């Protein structure tokens, strides 16, 4: 190991070194074991390094080597179905090398150098190519065609292009200036990949979760935050989104959360089928596991590694969704590193640059036209874990300033066993208006009206609840009693959803539309019956109303709903409502 510097001081994950003359964010190898670290501050001859591995046992005087390169990820075929740690070391490879517990100083390539891929060129000798252009295709999984692109900084005329089976680091293309291009490229994680232009998000991300799709939709290329106290369902909601959202690629970052949550994902995803393709969900997924017992500094790296991989697939024209669970743990890591650096603390001890770092991350989301002329998107959904469910704390507040969708999880709802426990009164989506045209064309012309009516009902219910708690619902006029009843149906029949039920876990948009329309239909029939003098107790005791609650669990939903709605019309006719 070439020694060109040494350790001066060690303070937890922060190490001060002298004699290496680095640039900001250069990767350095620290100590005799060559622990990986990144330069985060330079002051005179001293450089401060955050180390991405455990620093126990390091001492002043140990050697430090500067690689001269920024922290980069390897991009190419073989990313899908992988599970990495925060600095893109494949965990299965590390397990083979050293067993179930990660030891220090072990390196592993992000992409398998021995695996062979079949490359089919789409360009010819003599063609002009520039950064981002597609050279050829590799079938990475059964449904994902991996487009091999020219690295963004390279352009020229093709002198030679090969076809056949190659390893990722073998040359597949040579330009006239002698530049060799392989299937693999490296990209520094802190810099966003270039695009031709950013686009307005116009299509919704269909998640199969009724409260998200129906009430608070997110667009493909949008940003969302899921804040909530412990046990309110953040991780289950994130996993539901990773399982069922209609994107091509999912990048799931477990950032500082429990290890058994990542184990759940690893156990479930290979067995679950993608509703679009019928293939195992793992085939479209990249997992980055940086659990709470791993070094805190690597949490920052894991977030940047994940978004860079997402950008790479976006540049191929794919829709990517990225789940970060949880950005609060990353912010806590920033706070710890900042305090070790003795920086002036901001609100609640977080560094003053917390907002800048969060926006830097979320701004890498978006719908774009790539350098290859293809439309792709990254949808970023970040969980936030405010201590005690306090939404006024800095991480939640700074995140809310950046994102356009706010899914507020409520501990009271989760205690009442209402899941997903997203509070419909405090949540919001700023994409609703922009997506209205899409809903009119693809779902139903009356969808927006149905949604607005349901939200009005829930708002009225919340206002009436204050009176009900004082005097009871029987003291209300009958029309207000009916409002409470229909609002309860919207809550229990539509908003509640069982993530562990084989049918109800995923609800297609067509089914959501029909279910909400049937509840609205009951409200219309009941109002007409009430106005024609039918007593309230007869209206709320009809059997078809209770049967409507069970329809969403039926595999043959359309047939079951038709039977219930026909019965409802008959029952209202019998009691004199029609």
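A Cβ is built for glycine as well, from the same backbone N, Cα and C atoms used for every other residue.
Features as listed in Swiss-Prot:
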| type | residues | note |
| --- | --- | --- |
| BINDING | 228, 229, 230, 231, 232, 233, 234, 235 | ATP binding site |
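Residue 233 (ATP binding site) falls within neither a helix nor a strand when secondary structure is assigned with DSSP, and so counts as coil.
For residue 230 (ATP binding site), the number of other Cβ atoms no farther than 10 Å from its own Cβ, over all displayed protein chains, is 12. Listed in chain order, the residues near the ATP site other than 228, 229, 230, 231, 232, 233, 234, 235 are 385, 409, 411, 414, 421, each with its Cβ within 8 Å of the site Cβ centroid. The local packing around residue 229 (ATP binding site), expressed as other Cβ atoms within 10 Å of its Cβ over all shown chains, amounts to 19. For residue 232 (ATP binding site), other Cβ atoms within 10 Å of its Cβ number 26. The C-beta environment of residue 233 (ATP binding site), restricted to residues of the same chain at least 6 apart in sequence and closer than 8 Å, consists of 409, 414, 419, 420, 421.
Long-range neighbours of residue 234 (ATP binding site) (same chain, six or more residues apart, CB within less than 8 Å of its CB): 226, 227, 228, 325, 326, 383, 385, 409.
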